[in-house]
Structures are given as C-alpha cells and as structure tokens.
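Undergrad: Dumping the structure here so I can ask a few things about it.
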Amino acid sequence: MGARASVLSGKKLDSWEKIRLRPGGNKKYRLKHLVWASRELEKFTLNPGLLETAEGCQQILGQLQPALQTGTEELRSLYNTVAVLYCVHQRIDVKDTKEALNKIEEMQNKNKQRTQQAAANTGSSQNYPIVQNAQGQPVHQALSPRTLNAWVKVVEDKAFSPEVIPMFSALSEGATPQDLNMMLNVVGGHQAAMQMLKDTINEEAAEWDRLHPVHAGPIPPGQMREPRGSDIAGTTSTVQEQIGWMTGNPPIPVGDIYRRWIILGLNKIVRMYSPVSILDIRQGPKEPFRDYVDRFFKTLRAEQATQDVKNWMTETLLVQNANPDCKSILRALGPGATLEEMMTACQGVGGPGHKARVLAEAMSQVQQTSIMMQRGNFRGPRRIKCFNCGKEGHLAKNCRAPRKKGCWKCGKEGHQMKDCTERQANFLRENLAFQQGEAREFSSEQTRANSPTSRNLWDGGKDDLPCETGAERQGTDSFSFPQITLWQRPLVTVKIGGQLIEALLDTGADDTVLEDINLPGKWKPKIIGGIGGFIKVRQYDQILIEICGKKTIGTVLVGPTPVNIIGRNMLTQIGCTLNFPISPIETVPVKLKPEMDGPKVKQWPLTEEKIKALTEICNEMEKEGKISKIGPENPYNTPVFAIKKKDSTKWRKLVDFRELNKRTQDFWEVQLGIPHTAGLKKKKSVTVLDVGDAYFSVPLDESFRKYTAFTIPSINNETPGVRYQYNVLPQGWKGSPSIFQSSMTKILEPFRSQHPDIVIYQYMDDLYVGSDLEIGQHRAKIEELRAHLLSWGFITPDKKHQKEPPFLWMGYELHPDKWTVQPIQLPEKDSWTVNDIQKLVGKLNWASQIYAGIKVKQLCKLLRGAKALTDIVTLTEEAELELAENREILKDPVHGVYYDPSKDLVAEIQKQGQDQWTYQIYQEPFKNLKTGKYARKRSAHTNDVKQLTEVVQKVSTESIVIWGKIPKFRLPIQKETWEAWWMEYWQATWIPEWEFVNTPPLVKLWYQLEKDPIAGAETFYVDGAANRETKLGKAGYVTDRGRQKVVSLTETTNQKTELHAIHLALQDSGSEVNIVTDSQYALGIIQAQPDRSESEIVNQIIEKLIEKEKVYLSWVPAHKGIGGNEQVDKLVSSGIRKVLFLDGIDKAQEDHEKYHCNWRAMASDFNLPPVVAKEIVASCNKCQLKGEAMHGQVDCSPGIWQLDCTHLEGKVILVAVHVASGYIEAEVIPAETGQETAYFILKLAGRWPVKVIHTDNGSNFTSAAVKAVCWWANIQQEFGIPYNPQSQGVVESMNKELKKIIGQVREQAEHLKTAVQMAVFIHNFKRKGGIGGYSAGERIIDIIATDIQTKELQKQISKIQNFRVYYRDSRDPIWKGPAKLLWKGEGAVVIQDNSDIKVVPRRKAKIIRDYGKQMAGDDCMAGRQDED
C-alpha cells in the first residue's frame, strides 16, 4: 500500500491537522490528503515512501516544480500538499498552504545562492549523472533501468501527448548525449516519430556546424577539440569527451544542447499528434469554466513556444477566449488574478440561471445612487475624467467642448486614441515645458515639410527665443520651439564657457563630452565608456552652456572624443525633448512567422564587375538613406547579385529574398486584381503618372530591418564584406506590394475626398487620372496631386508623366474615345522551347480580351507533363493551324470603347468547338467593351449545355468585378432545349436573364431521359461488383422477363462495373428500355446527359443512348430486399464480394426485443451497417424515448471500483462500477446495512481483482464490518479525493443507466431482483461503445489482461539483469565482457560495461545467465543492481 497512514504519527499528525487549506478558510488538512497524495505519486512513477521523510519530500518537490507552469490543477494541489508535509517534517510552524509555499520558496532561494557560490568557489559540476569519484575526478553514472522504464511507460501510455515533454525534461536532467541516445533507442519502435526526431536533430546539428566553424591549424596541447554537431548528438564522441566538454572551463553543456534539440523534435511530434491550436480553444456558451481551463492547458502543453510566450498566452488568451459571461467577471478581477481566484469567481457561471441572477443584480442596483466596484467596495465612487477637455464628471463622448484634433493620448493627427501605438512619445516627459494639449498647436503642414522619415528635436522653452531653425507662431498661448531635423546628424553651434564650438545633440548619451577646449576652474579625473572602449576625461563642474539661446549650468567632460557631444544632462535642463511627429508614412509592423528566425544564407562568389557595380549602387542608395551599413552583430544574411538592364550597359541590383519570404508572416493582398480599361468611363481629360522608386519611398518597420541584411563581398576576400540592411521596402520581398498599396491608398484618400469629380485608378506605382475638366484646369489639379504626393516623399518623374494621348497604361494603349492592348508581335521561330510556348500563350491570352476568336487549347496541350523550360517542343498540325489562325486575327488592330453607365450591358457567347467558347461584351453592336475566351473543362463527363452555363457564370463574375452589374446574355441555344435540360438536371445553378440568338453551331441535347417508367418496355436490374485486392469484377443484369447475363472483368473497380452493367443493358435491349441501378455514381453521370467524356465506357453508353428512342433510368437502394436488385446483386457478387447480404436483420431485431442492446452491439454482432442498426433502435418504442447515454472512459488504475446504493420500487440496489471499464455488479439487498454491504464487497473481491473501493460517507460504508472486510481482503477504502471533480460521478451515472435499462426489461421479469440482473447482463455484454468499441464486459477483461501482461513485462525486465553479455566491438574482433544486460530489443541489446553504456547489435552479442559472482569487480555491480 506504500506510504499511507504511516507517513505521520503523534505530534506531527496533530500539527498536520491544524494547518488550513486556504488562508482564512475553515477546511484543514486531514489524513485523507496524505492518502490521496501517495496515490497521485504512484501515477507519476514516484515512490510514495518518500513522503515519510523531509528529504524525500524535498526530492518530490524538486521533480514536480519544473512541470508546475504547464501542469494541471491536480499537479499543483499535489505540490502544495507535499510542501506543507515538508514543513511539518521540519517542524516549521505554518498556519496555511500559502505560508508553507513561501517558506519553501525562501529555502529554495537560499539553496540556489549557496549552490552558485559553491560552484563558483570549486568550479566543480553538480550535474547528475556526472559524479565525482574518490579522487575528485568527474565520472559518468549511467541512467538507471528504473528511469528508462519510466520513460518507456510514459511514451506508451501518453502516446506523444503534451505530457511527454515535461516528463522527458524531468527524466533527462543533467544527462549526457549518450544517456539521451539510450532514452531514444528504448522507444525506437515508434518509427515515424523517431524519423521526425532524427530529421530535427540533423537540422540542428548542421546549423551548429554552420555557426561554429572548425578553427584552422592544430589543437594546442592539453586543450580539447571543439564539439561538432555530430559530437553533440553523441554519434562521433565518447562519454569521456562529453564529460570533458560538460565539466571543462569554460564548460560546453553538450548534454543540455542535445536535450534542447530533442525537445524541439518532440514539440513537432506532439504538434502532429495534437493538431489543435491554442487559438482555437474557446469556451462554449454553457461550458463550465473548469472544463475550459482543462482543455486550454492541455493544448497549451502541445504549443511550440518558449515559456515566456506560454505565460503570455495564459495571461491573455485564457481571458480573451472565455465566453462573455466569464470574460466580464475575469476582467473585473484584474490582470493579477491567480487561476484559483478565476475558477472560484467563475463557478456556476453560464446558462439561464446565471442570466437571471445577473439581471436581478442589475435591477437591484438601479435604485442605488453610487456605483460600487466588484472588488474594493469601500474605495468610494469612481471618478471619471474627459479625455477631450480634461474636466472631471463626464466622458469624452458626452463632452460639449469642441473636439480636439488628433489623438487624445499623443497629440498626433491621423489616428484616434484607440489606435494609438505611442507609449512614451517624449523621453523625460516630466521636463516638457508645455502642459496638456499645447504641443498640438503645430500645423500638420509644418511637420510634413521635412523628409518622409524625419524625426525632430524640439526645444520646449517657455520664452519666445529667436533661433534659425525655429518656427514662429503668433498668439497669446503659442510658444516658439526651435526645431532640428534628424534626417541628418543634429550638429549645432553652442557657446560653452564663452567659446563657440560645433557639437552633436545626442539624446542617447548620458554626459556632455568635448574635445580641444580650455575651461576655467578645477577639474577631477574620470574614466567613461566611449565608442571603442574606455577614455580618460577631465570633469569640470558648474560650467555655463548656451544652446539656441537657452542657458544652463552643468557638468562638462573634456577628453579625446571623436565628436563633441551634448548629452542628456544638459538637454533635459533646457527642456529639450526627442519628438516623433506623425511620420508622413507610418511604418506597418511586420513579424516573422512563429518559431522562425531570419535568413542566414551565405553570399555566393561574384565577378569583379558585378562587385564594382553593386558597390556603386549601394553607395548611392546609402547616401539616399535607403540602406544603412551594419556591423557584425547582425547574424542574418541574404544573397545579392547583379544583372544588366535590358538594352543597357547599366547594372541592376537583385536580392534573393526567397528564404526571407518563407520566414516572413503572410500578408493580405490589398488589391485583388488589376483594373481593366473596359471599366473606365469616357473622360474629357486624362493623365497617366508613374511613381518613381515606389517601394523605396516607404519606410520598413525598424524592428524588421535587421532581417534584410546583405553583404557585398570583396575580390579574393581581400577585405571583409561590406554589410548593409534596408531602411525601406525592398524589391522582391513578399511584403512590399501589400504595404505599398496600403500606404498609397491612405495617402491618396485626402485628395480623393477633396476632389470627388476626379477619377484616380491606382495599381502599384501606375496612376490613371481622369476628369471632365478643361485641359488647363485638369493639368492644374494634376500638379496639385503631384505636390501632394511629393509632400509624402513620392516623386512622379517628368519622363513618365504622360500628358498627351495615346497613353500607355498597365499594358494598354488609351485613346480619347477608344482603347486597345499595346501592339503584340508573335515571334517567328523554327524551333520552340517550353518557355517560348509559355510566353506565346501568355501573349495570346492577353490579346484575347479585345481580339475575338483567339484559341490556345492546342498550344497548351504541348505543355502537358513535367518538362524543363529549355526542352524543345515540336508543334502538332493542330497547334500550327491554331497559331496561324491567331496570327490572322492579330493582323488587323481592334479597339474597344469606354463604358457608358447610362446604357445596358450585353454579352454574346459563341461555340468554337473542341470545348472552346468565345464571348463579347458591348453596349452598342460592333463596339465591344471587352472580349474573352473560355476553354476550361470542369468535369470528366460533360455536355455543351453544362459548359455554356460555366461560360455564363464566368462572364457574370467578370462583369460584376469590372462594371458592378450583370449583362443581358445572348446565347446560341433554343429555349426548349434549355428548359428540357434544366427541368431534370439535379445540380441546379442560377442563370441570369438571357435570349436566344441563332449563331451556328447551336447547342443541342443529343438524347433525353424519360421522367416516368415506359409501359411495356423490358426492365433491366443492373449491378456490378469488384474486389479491391484482386481487381477482378463482374457486371450483369436480370430482367423482369427472366433474362439474365453476367460478364467477368479484370483490372476494374466497383464504379466501372456499375457502368459496364448499364452498357450491357443498353446493348441487349430494344429501342425502349427501363433500367434500374443501385449506384448513385452511375445515376449522377447519366442523368447529367453528357455528350462526351474522358471515360471510354461512358462514351460507349452515350453512343447507345443516342441510338435509343426512349430510356428510363431509376435508382433503388442496395441490400434492401428489392426483388430484381437482390437477384442481380447475388448474381454478380458470387466469388467477388466477401460480405454479401444482411441475413442478420431478423436475428438482430429479435435480439433487440429481448435485450434492447445499442446499435454498436448489433452492428458488431450481426454484421449490420450502422444505418440499419440505428434504424432498428429507432423503431423500438422503448428505446426511442430518450437519447442513448454517452459513455466516457476515466483514466484510472485497473483495481479501482466505485460503490453506491440506489433505490427503486422501495428497495435498495447496491451497485459497484469498475471505473476504468464501466463494468457493473449490482444486487438487490434486504437492507442498507454494513453487514449486507460487507458481504457484497467480499463477493465482488472473489470475482474480480479489487484494490480500491471509492464510496460516499453513508453509514453502511463507514461501518466496522466493511472496514474489517477491506482489511482482510487487502482493499483500500476511499471516501473522496480532494479537488477531484469525478468524486462519485461514475457510479451515479451508472445508476441512472441501470434504472433506464431496468425500465426497458421490467415487463419481462416478475421480481425486481430478476430485472436488476437482466439489466446488468444487458449493460455488460449487449451495449458497445467507448474506446475500441468494446462492451463493458469485454473491456474489463481486456484491461485486466493488459495489466497482467504489463506486470509480466516488468518482471522480465528485472529478470534480464541476471544475465551477462559478451560482445564484440565493430572495430575490435576480440570478444569483451562480461557486461551487464540492461535491455534486450529485437535487433540490439543495451549493455553496461563498467561505467560505459553501449548499444550492441544482437549478432555481435552473446547473452549468458550469471551463475555466480565473479572474483573481481562484481561487488560494485551487484550493489548498483540492488540500488536499481
């Protein structure tokens, strides 16, 4: 029984029972808490005997503490109980659990300091399993078989659930790589998981090698080599080397590094086995908060995140994803609330009852004059203050004062306070000269006059002092603030001690440091940290300094500084603040994907001319502020290269951002497509603008810039490469388009709202501006727009400013009253590559939007299959003909017109053949707005009507996108054909208004199916069957006139055989035929009336259908005893299907009438499909009244039973439930006495292995008779587990289930005791479900058998220690040994030879029994074996 009541005795027990569970609570610790703690320790494979001593308790606390952050409430309760018990053992006086935890924390902090001090003094490692021998040398002590067994058990039990990771962490603490490999080998049977783990370890090892290159030259004597990735993984290093690294000076913790790699891999495995994200865990409307917390923490343990991130998730997501009722309570508790407080506050929340209580509480507070807070009711009424005017007593939304512009928090315009990201706009804000909102008096024009990314230093003096860079303001309340731009270094002329010098205003420097200046007075020496190291300076106090007319006195340092610096000690005294005014373009915050780091791709070699070109380009970009030089502290890199521009000698810099793109967060494409010219309205005046260096005008998020680092190498590695990072959006980075489009839209918004009569089409850096103004006025507005863009840093170059038609825009050519695509030249080639054909198809597709009749189907066929871009393609005759037709179409230029909103749209569609269609959209005949083509084939079996609907839907979608409305359609199909198709077609689709146009070729239906059976025609029942393994099948039919036929098929499937059967029926029937099938697949194909198909058999069926005068096709469900269908099914199933017919329906119904078993049991016992079994249950008048009880499985040990008494018909029924399986033993007892209960328990113990019984506190269960039986049968009795929500839940649930079954069979029995036993039989053997789909009877047997096998396995593990192994090393042919056998697997054994643990293949090991002690060395081994 382990540590139970023997843990405490005498005075210690008295002290234990005086300690309260909670501060100020009534409940105190009792003996049952010790019993519960010892049971819980057994679950965690910890020895309950440790509870008997203070040292044991300390060991338990050390094991449990690492798992507290991610553990359940039960784990925390166990930790608290053991902490209190430790205090009792140590005779530390504590009053409650909280006080005990504080004492433990103090003790742990002291121990930690002591350990750190000792380690610092001695330099020795305290890590297990590295221990010191008698000579003080570190030696390796292998992991014990007990530890390995615990690890195997946790993997087998938990199956890579989140609990595996903390368990691995705890078991592998301080282990060497060799120990860790041993742990992985013993669970090597999980091949998929181990492969994932291996891949992760290989990746991390490769990354280690990359970051830690091998130093050139020989290793100095006495110095160890540096470990490689494979050494850390233990594959190319010995235990002695690993110990050397771990205990060296400085140490290299190879064990911890390898552990970290394994935990990374385990996280991936856990993620695969537990795919639910923490973001998906949300509390249901009526879900108890405790259940939600359990689900939340279970998922949290599977998340691949650091502990800090997990803590953040707990603090924010737990509250954020709670339901509204709980969320309001949790927010009222405040951010510092503990989980225990949350769970207490949210008890009973949810459902109508809670709503009623909240409503009643709200109604009761209507009469009260003061508002009371949920916490701190005696703090008085809450004082509210207006953000707008600053007065108390009202909120900003009710303020009558004029609303102040900009944000109420930071004073900036462009956003509201709720969107404000400013935390502290100014450093040292207490020294700000202006109060409240006075800083907002600056006009936006003045702030924007600077460069796009400017930051400014403002002097907040109260006096109107003149300064060159200042901005003067008139008015009584205004101040003059000198302004220094930070676009360049803020160098100003200052007067110090009467001398004028130029100095840098540096808000990042603490002190004012000057060079080459003679100051009066005494000085004292001082050393300060400067750029590049420490510098010696002279310190002068009380020196007068004047900056921009502002005077102050302070300390000045004089010494060899690279530049004169005015530091914060002076700047703060004159009221100088660092301001970040609204950046003309706000940076969009960007992050990497979770758990990813920036790119670390090496720069590849470049030619001399490319290096020179890149150096020149980068120098220019650096001057413009687009990139900045960086130092070696940035570990990231992306390759850069250069190409020559088209038709030019100039070079173009390209950066290969593929790796960064993979790692960058995803963006939403702001613009979903490109604007089309057909949607443009005709305008009197038009201008096309292009934004120069578009991306380079938008700043990149400062925190993200480091990831864009790149290196310009030198020739022959003459010097280290020059490193840069981007300050603006880079070309080729995935985020640039979205961020640019978003920024551009915000910038154009004010101009659009001021000029609603001007149309601006924006796509990336191309702008189309149209208006109905006269040309002079229009051009004035254009200049206004250009100035507006320039104020935000966007330049519109003159060379790309198109004032006169034709305008080239987005690949189109725009004229005042018409448009076309820019001229297209199709190349003439003798040989075509795959790349050439791809470009050709792209050009033709682009031309097809205005040139009607373009086809590309035959050209696209040439590209089928996986081909390289440079492969030569031979044009087929069809492709050459198609290309020649396209050339003819493109010879004559075609123009489209502009859209007139006052006229209707019309769309006309023509069939071109070979599944190709063309269409034109116009408002006036022969003046097309747009044309297009359609050649997509959506399904294998189709007809022209179906394809026509697909074209109509494509044109409708296109029209909605371009014009916002749907055109009227003119289609080449007659109304009768259309209606015949759509009346019967099962997959109805919406079609807009249309009219018939007689444009050959017309669309028609080639055959039609009848709606009703054909009188007098022969009826064919068809069916097919195929065997999945052999691919053999049969198809056949049976007719109502006695005819039948079966044909054998090879390499077929069930679906093909069904179609073959229909073909047989059509082949052997007359001109009129009725066909009945049980295949929904075949029915769906034929009812759609296809006229062509990719399937040969479907094409043959179509040919036969066209030949027939009338065909009726019908469907019946299979296996329902329908005459002809059943006959043909038996005919084709012979020798093909394994299970033929449901002969068991009658037997199942008869069985259900007797036992009322559930559908799972019938499906299993009588081989019925679930739908049939459920139908039997649904048709039973006794089973359909209530829903079937749901059974879960509680994770408990095999020997635990719950007992309870229930009452029915005035009699007592004693019920015992095996918790793990749900198996029931029940009996009607004469009276609810201890004697009867004891007799029942004795009978139960005689039938099943009973270790623990869990009962309530009824007098019969607490009687002396029951205690005596439990003592005799060695049964432990429990009356309740602290903090366990299960309590008596299992047996209470079974009581209800048992009564329900008794109600169903009560009529069949005369006496209640008979009905009870019948109900027990039904529950145990006639109801299936839960894990494995077992009945309760099958499950209990399975659980007990598994338990016996597990114990036997453990015995075998202990037995193998009695064997010794002689083995041969791969490099040495001499046999070694004897070694101790630790583990025997299928292909290898784990052995211990002296202090080394090795894995040896079975073929190189000889295992023999140890028949006696050896003469030397075995005493040590035996001692260690006993310890294990």
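Cβ coordinates are placed from backbone N, Cα and C, and glycine is handled just like the others.
Okay, so Swiss-Prot annotates it like this:
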| type | residues | note |
| --- | --- | --- |
| SITE | Gly217, Pro218 | site 'Cis/trans isomerization of proline peptide bond' |
| REGION | 273-359 | region 'Dimerization/Multimerization of capsid protein p24' |
| ACT_SITE | Asp506 | active site, for protease activity |
| DNA_BIND | 1363-1410 | DNA-binding region |
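Buried or exposed, and what's around them? Tell me for each listed feature.
TA: Secondary structure from DSSP puts Pro218 (site 'Cis/trans isomerization of proline peptide bond') in coil. For Pro218 (site 'Cis/trans isomerization of proline peptide bond'), no same-chain residue lying six or more positions away in sequence has a CB closer than 8 A to its CB.
Confidence annotation: the region 'Dimerization/Multimerization of capsid protein p24' (273-359) carries a mean pLDDT of 75 in the model.
Take the CB of Asp506 (active site, for protease activity) and look out to 10 A: across all protein chains shown you find 19 other CB atoms.
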Undergrad: So how many of the residues in the DNA-binding region (1363-1410) end up helix, strand or coil by DSSP?
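TA: Breakdown, helix to coil: 3 helix, 37 strand, 8 coil.
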Undergrad: Quick check on the region 'Dimerization/Multimerization of capsid protein p24' (273-359): DSSP residue counts for helix, strand, coil, in that order please.
TA: 58 helix, 0 strand, 29 coil
